[in-house]
């Protein structure tokens, strides 16, 4: 035996021994070709009096391992194991479904059916999802510069084209990475306005300016739905219709057995960490299942504009909308992905490539290790996906009903609070671009990519680098450079509450190029930062930047405490 394990007969298998090694695709391949990791056992799954010489039992039938050593036999053996694992998962999901209350049964069934399809694809995949040799630069006309789109001008009837648009914000994430409880969209980012406040203000401004009815749709997760719905009543008197639907809820699976961790549909007790939202690629199925897709098509809507709610640069762009509604070649574009030029901070971002004759989004996780540095090259792969997407509603309906939306599976490993290693299977919304017809990339200005993932990002958007107008942030005209400064705040600033406590007011950053802050540092009122500023308080030391201080191309270190007299 290659290490300790347990008989899978206990969980629906039949005499199949699970090694202590992770039961991954690599282990399945190894087991099928060597016969290692399998063992006779004493549990009831073995028929009495059987001859176990070089044999194992699967699906209550004896399978001769010696035959599995041939190439065809190994392939056949792998397939039998895969089928057995699928059967075990199916039984576990059926048990979970029986615990659903009557009013949740149909919804839970759809979620678990969706998970089964994703799990089936996960087991079928062999090796990397892309062949590096087939990756090519996209043809020039497949990624258009924004200037060319803008040169076509605004639509003749702005109201008419806006009335064919639906704005969808991805609102499934929590603010935990910034030390906040609840939905990230409810974090205050500017003048006490939250991400959601700014989004509503933007769309209300459109509807009032052009006398239109652009709705806002929030894709929530089970983590954010309740808190988000509580806050929506504050917008009842705004000129924006707000709809919500929920992402699916999928079970996390044990990294070793690949069986669901959940024992029932509840979120409490031992099930608190058993479920997860399966990435924003779930939007296609969830939007379809919610009924909203058909509702909007029935109202004459044609496109959705999808973006992350924490990207403050993702506003409705009338030039892109005009391009979609009035395509220059007469061929409707079913999918537009906004991309922007990479900087050294974006080398890990997914990039658009040409693959087997179609545009394809390639993420760093799909790249063979030998080619990761090449993928990160700013000179070869110059653009990355902003996750601002314009998608045809009719195309989503067609492809969803044909089960033809193909997205690569992201295997996301996690460790639960109790120490259990699990994996969650996810998909990304932009990966579906290859399933749509006449897809297009548009290389947009960096201003359309303004995500707030950390308090370093938050400092930028709260500063005088940006001005706020009708919910939209624009770079201040007083800033002489078109790019934003590089800001790195240390671990003492990670949580929003700590970050706010360390700034009496946000510094003047109009002339700042680079800011690094590490350790116990606080800023007084009306501080001005220019050029490159590095402030480092060593362990046990503290630095108080005094009110009114002007730091230009300075390194501050050591200990500087200012106390009230």
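Any Cβ shown, glycine's included, is placed from N, Cα and C.
What TrEMBL records for 184, 247, 279, 310, 453 is UTP binding site. The substrate binding site annotation in TrEMBL covers 280.
Within the group of binding-site residues (280, 453), the Cβ with the highest number of other Cβ atoms inside 10 Å belongs to 280.
Each residue contributes its Cα atom, and for residue 453 (UTP binding site) and residue 280 (substrate binding site) these two points are 16 Å apart. Taking a C-beta cut-off of under 8 Å and a sequence gap of six or more, residue 184 (UTP binding site) has these contacts in its own chain: 173, 174, 175, 178, 195, 224, 309, 310.
Sequence-distant contacts of residue 247 (UTP binding site), defined by Cβ-Cβ distance under 8 angstroms and a gap of at least six in the same chain, are 172, 219, 220, 221, 222, 277, 278, 280, 282, 283, 286. In this entry, 184, 247, 279, 310, 453 make up the residues listed for UTP, with the farthest two CA atoms of the set 21 Å from each other. Reduced to three states, the DSSP call for residue 184 (UTP binding site) is helix.
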